[in-house]
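Right, one structure below, let's go through it.
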Amino acid sequence: MRGPQLSIHLIGLPGSGKSTVGRHLARRLGLPFIDSDHVIEQRIGGSIRGFFDREGEAAFRDLEEEVILELTEANVPPQVLATGGGVVIRPGNRTRLRERGTVVYLNASPEEIFRHIRHDQTRPLLQVGSPLDRLRELQRERDPLYREAAHFVISPERGKNVAALVQHIAMQLELAGIRPPSP
């Protein structure tokens, strides 16, 4: 099985909790937390939504792939990495994330995500007439890709708090021998 020094890569739909869970999981595991979307925003000097509107999705995916390559280099120390919801669209990203760490798919339902993000104006792919329908469409399109990349699929239960979810993920990593048991 894998050694205890691997990075943890979180994937899932936009709004599935990757950044929130990632921050708490990193603290729990004593690892740095990186959000690839924040790295991209620093690089472009603005919002992803603005970049999407100006440059288009293809240009964004090119930049995202470049950032994922950098964040998963062999010399990068172990970390918890929250990725953008569409990172799995590019086959190279799926392979890279899977080979360079342990991939955890946060498989939240579109309905649960919608409850959490319905007022969020920062998510470019959800700025449509029916965000819930768009989330369902993204789930249908991307679920097979998330599963292809994932080592673990975690389905957050409605009402389950972040601490309980982080505990569940940490326990799965420990049981698989990927992380040492918590003190």
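One is the number of the first residue shown, and numbering goes on along the chain from there.
Cβ coordinates come from backbone N, Cα and C, glycine included.
DSSP assigns G17 (ATP binding site) to coil in the three-state reduction, placing it in neither a helix nor a strand. According to Swiss-Prot, the ATP binding site annotation covers G15, S16, G17, K18, S19, T20, R123.
Taken from Swiss-Prot, the feature Mg(2+) binding site covers S19, and the record attributes it to sequence analysis. Cβ neighbours of S19 (ATP binding site) (same chain, under 8 Å, six or more residues apart in sequence): D35, D37, A82.
Taken from Swiss-Prot, the feature substrate binding site covers D37, R61, G85, R142, and the record attributes it to sequence analysis. The Cβ of D37 (substrate binding site) has 21 other Cβ atoms within 10 Å, all protein chains considered. D37 (substrate binding site) falls within a helix when secondary structure is assigned with DSSP.
Across the structure, G17 (ATP binding site) and G85 (substrate binding site) place their CA atoms 10 angstrom apart. When each of the binding-site residues K18, R142 is scored by how many other Cβ atoms sit within 10 Å of its Cβ, R142 comes out lowest.
The local packing around S16 (ATP binding site), expressed as other Cβ atoms within 10 Å of its Cβ over all shown chains, amounts to 28. The distance from the Cα of R142 (substrate binding site) to the Cα of K18 (ATP binding site) comes to 16 Å. Neighbour list (R61 (substrate binding site), Cβ cut-off 8 Å, at least 6 residues apart, same chain): G86, I89, R90.
Here the CA atom of G85 (substrate binding site) lies 8 Å from the CA atom of G15 (ATP binding site).
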